[in-house]
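Here's what TrEMBL has on this protein:
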{"type": "TRANSMEM", "residues": "6-24", "note": "transmembrane segment"}
{"type": "TRANSMEM", "residues": "62-80", "note": "transmembrane segment"}
{"type": "TRANSMEM", "residues": "86-104", "note": "transmembrane segment"}
{"type": "TRANSMEM", "residues": "125-147", "note": "transmembrane segment"}
{"type": "TRANSMEM", "residues": "153-174", "note": "transmembrane segment"}
{"type": "TRANSMEM", "residues": "186-205", "note": "transmembrane segment"}
{"type": "TRANSMEM", "residues": "246-273", "note": "transmembrane segment"}
{"type": "TRANSMEM", "residues": "294-310", "note": "transmembrane segment"}
{"type": "TRANSMEM", "residues": "316-340", "note": "transmembrane segment"}
{"type": "TRANSMEM", "residues": "384-403", "note": "transmembrane segment"}
Amino acid sequence: MGHAAEISVFVSILIVNLIVMYCINQVQQSPYMDEIFHIRQAKHYCHGNFTVWDPMITTLPGLYLVTVGILKPFILLLGVDTACSVAGLRLVNILFQAGTFYVLRAIYKTIHSTPQADNKEADKVALVTAITLTFFPLLHFFTFLYYTDPGSTFFVLLMYLFHLHGNKTLAAFMGGMSILFRQTNIVWVIFMAGLSAADVIQDWMNNHAHVKKKDKTQQAPLTDGQTFQSFLKLLFGDFKHAPQKLLRLIGCVIVQCLYYIIIMVLFGLFVHLNKGIVVGDRSQHEACLNFPQIFYFVSFTVLFLGPYMIRPGRIINFILFSVNHLTLTAGFLAISYALVNKYTYVHLYLISDNRHYTFYVWSKIYERLPQIRLNVRFVSWKELALEVLIYFTVNVFTIYMFIAKPFKWGDNVDLQRFMW
């Protein structure tokens, strides 16, 4: 698709988002829920009061610093009160979503571009995929409120894009920026370091004499499991008799991961000096081993990637695999049950705040049962259309509920609204 078509799509998305934001601003002109803390803090920064900190905020000041940087020309032109109004601050996330659209498109093209591919068709798929993921329900909903989610997602994806292009310096910098929005983004920095380390190890194995010899007779590339097994054989074989080779490999890994390691060391220093990950109010934000989060993530992924994952053939293959590997299946179920039984932690906000959809998911489903998409290759337009339909339906429902179905809490005069 040509640049004119891409610009038309971009402008259309922007107009739709501005219309939705206008509707939301009309019914919710004052800060809502966590916006109360975020907007109050942002206004301090807009006025140049960088030493003031709201103790109720648990994340680092990345959102407010970037906001001031974006809005500074408007502050000078229109004044602080206008530029940093509730509506003005919410507009910052519209800009983040616009940037996310282009980053998503660039990532998809980088991952899936091949010399044999039809460029026009590939561009069309990349564009539609970027549009679809830009409207991913959780991300899209918080585009219209002054929350950290859109900015956090933008910088994580930008880190991934620079990593794919081999620019580890900028990738690590963007990873650091993402941590300033959400401390938990350190996980994605570690993930990028892991990808870099895996690339170094894979290149080393491809240049290793034994692996080269094996690859000549191999009809298909090694799977991740086969690669890992081969590496272990080399680790306890050649490296055992020639430890200098292992040291050389470790050195190569450190060099390739150096900038990510710097970010991780700085984050570790922050945690040490701060005596924890959370800043501000820590009473309801404590680190714990919550293994069921993995199962929540899987459930969430299956729901929104249903068009690609839930197919008759795959379901049948899964059943056959489970039946043919009963010991493995039984072991997995036993471990899963033990993890759920011992490590399920129910956050106070989850069971006490009925403005969140997670409240209903927990109370109606999980509580009654005590016992990433960019890498998905294009299959057909049917799956993509179904994914768009799912996202569209969820977005229409959640935004409609937020705008049109407010409710009251007892004697509280403020209207409450449903949200993620």
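Cβ atoms here come from the backbone N, Cα and C positions, even for glycine.
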- Cβ-based contact of the transmembrane segment (6-24) with the transmembrane segment (186-205), 3 or more pairs under 8 Å: no
- Note on the structure: Checking 86-104, 153-174, 186-205, 294-310 against the transmembrane segment (246-273) for Cβ pairs under 8 Å, the most are found for 186-205
- Using a Cβ-Cβ cut-off of under 8 Å, list the residues of the same chain that are 6+ residues beyond the ends of the transmembrane segment (294-310) and lie near it. 136-137, 336, 340, 373, 376, 379, 382-384, 386-387, 390-391
